[in-house]
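Here is what Swiss-Prot says about this protein:
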{"type": "BINDING", "residues": "894, 895, 896, 897, 898, 899, 900, 901", "note": "ATP binding site"}
{"type": "COMPBIAS", "residues": "118-127", "note": "compositional bias 'Low complexity'"}
{"type": "COMPBIAS", "residues": "222-233", "note": "compositional bias 'Low complexity'"}
{"type": "COMPBIAS", "residues": "247-258", "note": "compositional bias 'Low complexity'"}
{"type": "COMPBIAS", "residues": "282-299", "note": "compositional bias 'Low complexity'"}
{"type": "COMPBIAS", "residues": "374-392", "note": "compositional bias 'Low complexity'"}
{"type": "COMPBIAS", "residues": "490-499", "note": "compositional bias 'Basic and acidic residues'"}
{"type": "COMPBIAS", "residues": "1476-1486", "note": "compositional bias 'Basic residues'"}
{"type": "COMPBIAS", "residues": "1488-1502", "note": "compositional bias 'Low complexity'"}
{"type": "REGION", "residues": "61-135", "note": "region 'Disordered'"}
{"type": "REGION", "residues": "203-258", "note": "region 'Disordered'"}
{"type": "REGION", "residues": "274-300", "note": "region 'Disordered'"}
{"type": "REGION", "residues": "367-427", "note": "region 'Disordered'"}
{"type": "REGION", "residues": "477-499", "note": "region 'Disordered'"}
{"type": "REGION", "residues": "817-836", "note": "region 'Disordered'"}
{"type": "REGION", "residues": "1466-1511", "note": "region 'Disordered'"}
{"type": "MOTIF", "residues": "996-999", "note": "motif 'DEGH box'"}
């Protein structure tokens, strides 16, 4: 920091030479780009120069104030400018803005300065002096002229003028010296003139500043001392009483600081604070203050001596780096004193304020309007209030100040108006009385500005005519001491006169010895004595003073006013103040008179300097003591000693440095000249060095330097250009060579690409030719093209398929030769012809012709009297007869509804009539179709003797005698009786075995298949099915294996060759086959199946059959369904309401099945239904709780109204029960058929529904029980409520209505829940249908379709192989879309729309209604909204399992199988009641009760019951034997030491692997096998091995080949075989039995010895009962 007094750099203060050197340094640093933000030294120098500039200006204003008047000849222009200044600068200010304000800190009137009751400093900060109306000023120089003092010279600015100002000051000083040389004005004027003369070279080079004083300059701590060094060489501040208010008259333009624009009555003695800034009181800082970093004057080039030109000149911005002031300085809130109230114009059109005003965001406070202040503040404004704004019209009229009239009148005062006055001519000089009064007022003013703040009584008597006490009261000796006016508590809105009028031209009041002029207070302050209040001047209205309405006359002020005293400032404080009004604006005003005395910053600075000096002295004393040899601390390190010694010596250099600075500063003024003392021309005038020349020299040097650099740069650039040109030539040459190489390479690549393209075209052309040959069944052409192509893969594939077909051909021959021919008279061939060897010509025949070598024309039999067969039915009869003639079996796979039953009856009647084959014929049908078969036989072949083998045991016993006598042609029975009464039925040698719905034997391991294949004998076998391929090729092979066991004897080879093209449609092994390979394999498969499979579609044979249109409708989930679905999906369980109101947890098994239930209807769970509808009376909840039911609520009324009969198929009988409740609530008649419906009732239900007069429009059926063999063609609408995993079940259900005899278009509506498990089920079913389409339908097994038709159909399926959606996916449908979907005609569409409008008008549910149609989440109970943590669910699930097992309600079991024999007996027996069948696999019973007992049945009975009769020692041995095998497999490790039993201990998790339990029907694991061993579940080793093999097969089926589980299973299977061989080799089982027998005999001996000691009630059981005898004691247990 640069200090002025006591500073190390300037020990004797700032001299003109110091200032010149600082300015030169400032100029150099500014040219180098230094700013105050990034250069602290530059900021310090700028602050010092700014401070000196303020001092110059303040001294100049002080000299003007000390002069009496301006000379008339020199200052006429100045007064003219003063008079016209307001109209020039502020004529366009808006109303209410601050105009000319009298600065605080000096009196603004001729009245007395009232003493301050608080701190005696009311003249310093009292705002009453700011707000004075129009009182004449005692400092008014034109009115207080002294003839002894010469007029002051006319000056513009001490820095902007040249020698003119200094000469004027010298003349002025000489005039003063002639009168009185002791006049201080003389010395001041002479010093200022000398300073200006010596500093004239700083005329136009002084650093530019802004015309504002800085609010705070934080870079200069010590700005000005009490005085400068000397009157001659330094700038000295006069030794006057401190004034903490800057004395700048803002009644003139605050932006024009020309000396002639400043009134002569303004005291410009400015006291600078210690920090170099003008003290600012934050409570009185006005919004009109200039931005931080501004300065008072702007002495830069172009400055003119008129306010208008300066106002329109552009001032430097506060952010300009070339200005030597701190642009980032903040308001010095710590400084005491008043502030600079600057007016800020708002109308920028007249003065172009944009050029010099900064943003108002820098202002610390907003503008404060006069009318916003409380009434008490308008007359006496405290220091906390903002400077009042000024009205522009008030400023306009303020240039003509009203005068105080010498003869006041109270009535006249009320009518006076503020009228602008004309120019006032200069008055005469001051007389002696006026001069004495002026001197007294000056003394009083200085006393008030002193620290004491008290005016001596003599001065008060001279000024006021009386003496005031300390409490602001008149002394008792004065006659008017009791007439002190008081503030009134009554607030009024009377406007007050503007307190900022210029008073320089007010008339002087004479001859008032005992009175003083006081300022006029607002009318809101009444006085107690009306006589004393009369002389007060009444304030003028604001609108009159502005001059907006009319020009008023000049105000006449009273000449004789009796002022008593100032108002006690305590009257402005209301006591007490309520707490609610404590923070109001009128109670927050600060009264400066009541504030404590202000702080003297000079004393603070002096104290700070003393403290610093004392600190330095104490530190020196401490360091000296520390470095004394005797007091040295041994613990102090040598490094610390060195530091302390260095510090001590630095502190001792302080005085020497100060002395050196003083010496240097005293020498600097003498070394300023360029001339030297020893030169000859030292006394000649030396040219003064100016900054312009220095700048010019620097510019020339810089120019030369720049030119030299440019020449060097040009030389370097020329050299670089030559290098670059050479480089460019080289690069061009190389690029040309590279382009040539590249072109050659491209030509070669293009040549090879062309060759490759031609070869590819040739290969594609060859492939197309092969495909054409393949599609045309031209095998010779295909083989020839294949030889040319040399495709080894296709060749190998073709060879393999040829070999397979050759083997099949040979197998066909064997099959034909093995079947007993019987009587084949007529056109058929004899057995000798069949046994003839195959010739070379026969080898070249078609595979189909080989199978059907014998052909016979057929006609309708005569005994077939029910009607006439159609052409396609005769074709079917011909194909079945061809199989019979060629000793082959087959599959009649016509689509449902084409009359397979009638064709079969016709075939039987043909054999009876034409072939004389009387049977017996065995027809195995489902129970649901048995009645239909009987009816068809009675209709079409009544002469055929038939037996319906069914009913209770008594009825079947009567039928058995007829069977034994063979008095029948056809036996009709069901699958259950085939198994149940196998001993009887298997004894008969059947001629033909016909199985309806033959897909029941698709599993070769099933009990039905094994029973038929093992025990039943027939010459011919025929399968009737509408869906030969339901899931995969192995199921198709199972059917082929059953009818042709000699041909299709290997499932492995069949699946290996023909399942490859379908592996990429969802299987795990994906082998890439091109179109040709897939087509070749599929064609070979069709070629294999065509002789044995006969299939026609309804659309092919029945051209007049109406179409079947299927639509998939996606239904949304209700709020209840959504919550339950999320719970089940996330936690695998449902949350139900507990008994005590808490949320309970209900665990469920088979997550997929539970999700399907939720999608169908949530009320399938009784707990949920009780929670939602406790009373069970809210019928609307039945359809609002489920999306599917809500959709049906909109569809069914429309269908019933238009007469459309509807079939609705369900998977779950519980949903059918809920649907019954819904239909009953709507009073709609319905029929129901499921697995529990009796056989006799089914016929009556069908007849009732098919009756045209019936009023039943809806028939509910279960898919498995009612989807087979029923004729319901009177219905034209089928609704699939929930999709079956097997799509053919749904197709069977659809064909109940879409069949022969249907005359209407059939609409199939499939309901799918949106975004649920049902979408996955549908996609899986669609995949199965695609597989069926490729294998069966594309084969066109109708013996009449052309190869082109079959090829086109297959190709269309292959093209859409990747499609998942097809044309069946629809989103959620609105009413209009739904109407278009279910309507058949336009009339129905109009009717449906009308019904929708009626429902919307009457329904209480829907959009815009209180409740939605679907149940929302907000309507659910609270416990459904609780989010249960999964950890809590998991921990509590184990505790709830046992309780839920006991409390689980009994539900009706859903049976997808036919009724067993016992159930049928019970059904047929009216005296018995049908008991619900238990879940799980039915227990096997012995045939002991049956009269027909075969050895096989006896063996089975003994084998099953022999486990418990097995001796105990054998069971122990077997248990030990099985456990040893188990331990060997359990402890098996792989080659890397890993136990292979990890994934075989327990079955997979149902939640993680739900599809495992769909694919794997019998899961088993090592844990279950171990439990079976311990519980003696195995009767022999074979059962144990069977369980192990089942576990291995499950692993092979579910997992991919070469996977870890697959390989582990192979290793365990291999180990099992080795263990078995090892144990059998050692005969371990026999050895274990002997050991167990010996142990048992030993125990028996022990028991015989201890038998006498046993008590009678020891629990011995007689051995005669063949029971286990058990003896128990405290130590052991023995069993026999």
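Using the three backbone atoms N, Cα and C, a Cβ is placed for every residue, glycine included.
Residues of the motif 'DEGH box' (996-999) grouped by DSSP class, helix first, strand second and coil last, total 2 helix, 1 strand, 1 coil. The ATP site, placed at the center of the C-beta atoms of 894, 895, 896, 897, 898, 899, 900, 901, has further neighbours from the same chain whose C-beta lies within 8 angstroms: 1026, 1098, 1299, 1300. DSSP assigns residue 901 (ATP binding site) to a helical segment in the three-state reduction. Residue density at residue 897 (ATP binding site): 22 other Cβ atoms are found within 10 A of its Cβ, drawing on all protein chains shown. By the criterion of other Cβ atoms within 10 Å of the residue's own Cβ, the least surrounded of the binding-site residues 896, 898 is 896. If you draw a 10 Å sphere around the CB of residue 899 (ATP binding site), it holds 19 other CB atoms from the protein chains shown. A simple way to gauge crowding: the CB of residue 900 (ATP binding site) has 21 other CB atoms within 10 angstroms, across all the protein chains here. Here the Cβ of residue 901 (ATP binding site) has 21 other Cβ atoms within 10 Å, regardless of which shown protein chain they belong to. Across the motif 'DEGH box' (996-999), the prediction's mean pLDDT works out to 82. The Cβ of residue 894 (ATP binding site) lies under 8 Å from the Cβ of 876, 900, 903, 1026, 1094, 1095, 1096, each of these being in the same chain and 6 or more residues away along the sequence. Annotation for residue 895 (ATP binding site): same-chain Cβ neighbours under 8 Å, separated by at least 6 residues, are 1026, 1095, 1096, 1097, 1098, 1295. Reduced to three states, the DSSP call for residue 896 (ATP binding site) is coil.
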